[in-house]
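Engineer: The structure is given below, and queries will be raised subsequently.
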């Protein structure tokens, strides 16, 4: 066993003595040591209940004849961190999470790991660590929260609350109505109820094969979550016995399938960023061109909030992720069905009994929302290395208009609230990329303000930052290269005409090459916004969005 490094031989007597101080007995040294990587934190509703989950996981691991050791990672609630300096820490927290898991697991030579994530950066951070460490691992997430209902019976979620702010600002609703939405938007523990980043990543974790069937859609408060926990411990023991590791599971084909589900569900644009980072950790050469190829062959089968009024509980009721995959498998060339997963079985075996139970929620191949996926990669002179749009969350497929330029999210939000943006404008928020932000903050507050003011289909928004999974409308993010790296978005000037063509996958500014070259020669890189601390180091080391915004390792001569 891997853990023999710290428990076998006369020279490990000090190690065993320390372990006995934690409560271990001599007989425990013949059992696998299992890391329980939890992310319990009280300020995040998606993680508030994970302390109890950790206890259940440890019980299940002991029942399976193994020895559990629980530890916790940090976490950032993107909703609470939204709209202020806290959002700069969100994406960088992914790297701290991955590094902290790597540190604990490799320092103590565990034989296997069960990860308990749930929200936005915690799930991909743990997945990155699992691929880096490469010991048998199973994920069991905290699960989605249910959607809420206002006193009038209106179904609401966190997206409704953000958009309610814009609606109140523009006089469309009263303060009492906003308070009603606020009070009911997040009714329980769990990850926010729509197809936002947290749920998108937990669904993708299931498809990749690191989590068990049901992981993506079973609600946090559903008793079936406890059964999933028991299964996770049992399956982990099988993975250890068969020496099946994350890099055996997360192959190029598995990533294809993850993006295929993402396209079928119109998931968060953040999945592109995180899954590219996973590919980096797995040592795979996977780029945005391959994502675009997946998008072209996968139909959009279900729309979940913010693209519709359906929520994760509806997906679960309609058959869950397995039902979507089963329907997708009817189209040749969409899925790789014979690859291994954390169940110890193939994807084909995992979904064999699944079926769609509500075709209003999950559409059939014969009746898709669109013939192509709900996410698309755009390129052009504004995004040489690519940009991402959640095409399934807007009915507008072509938009052209003059730029209204802001050099930060705060500046943009203030401008929107002051009425500086009007119908037909293209709002540009730049210097908010991985390096420029730093931390590539999400633009949920500006997009929600635009939508809440009734301009969602009348105004486009471009950024080198990110969008929350709760964002909708004509929102193009992840523009690469970013402004701080001298990308074309830095060269835009007020009033430049920008064209967004979703069908042609095009993002262009109507300015001549000669003029752009002239502007490039005159451009000067702004001073970094942060020069000290973690964010200062992050800004110096982070790579572009099109490579997952991972950290580059400095090379020394």
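Backbone N, Cα and C define each Cβ position, glycine as well.
What Swiss-Prot shows for this protein is this:
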type	residues	note
ACT_SITE	468	active site, proton acceptor
BINDING	78, 120, 121, 442	Mg(2+) binding site
BINDING	119, 192	[2Fe-2S] cluster binding site
MOD_RES	121	N6-carboxylysine
Engineer: Among the binding-site residues 119, 192, point out the residue whose Cβ has the most other Cβ atoms within 10 Å, with all shown protein chains included in the count.
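Structural biologist: Result for the most crowded candidate: 192.
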Engineer: Can you give me the same-chain residues 6 or more apart in sequence from residue 442 (Mg(2+) binding site) with a CB-CB distance under 8 Å?
Structural biologist: 78, 82, 87, 90, 270, 465, 466, 467, 468, 471
Engineer: Minimum Cβ neighbour count within 10 Å among the binding-site residues 78, 120: which residue?
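Structural biologist: Taking 78, 120 as the binding-site residues, the minimal 10 Å Cβ count falls on 78.
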Engineer: Could you state the whole-number distance in Å separating the C-alpha atoms of residue 120 (Mg(2+) binding site) and residue 192 ([2Fe-2S] cluster binding site)?
Structural biologist: 10
Engineer: Including all protein chains displayed, how many Cβ atoms other than that of residue 121 (Mg(2+) binding site) lie within 10 Å of its Cβ?
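Structural biologist: Around the Cβ of residue 121 (Mg(2+) binding site), 28 other Cβ atoms lie within 10 Å.
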Engineer: For the Mg(2+) site given as 78, 120, 121, 442, which other residues of the same chain have their Cβ within 8 Å of the site's Cβ centre?
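Structural biologist: Same chain, not in 78, 120, 121, 442, Cβ within 8 Å: 76, 81, 87, 90, 91, 119, 197, 198, 270, 466, 468.
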Engineer: Which of the three DSSP-derived classes (helix, strand, coil) applies to residue 442 (Mg(2+) binding site)?
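Structural biologist: Note: residue 442 (Mg(2+) binding site) is in a strand by DSSP.
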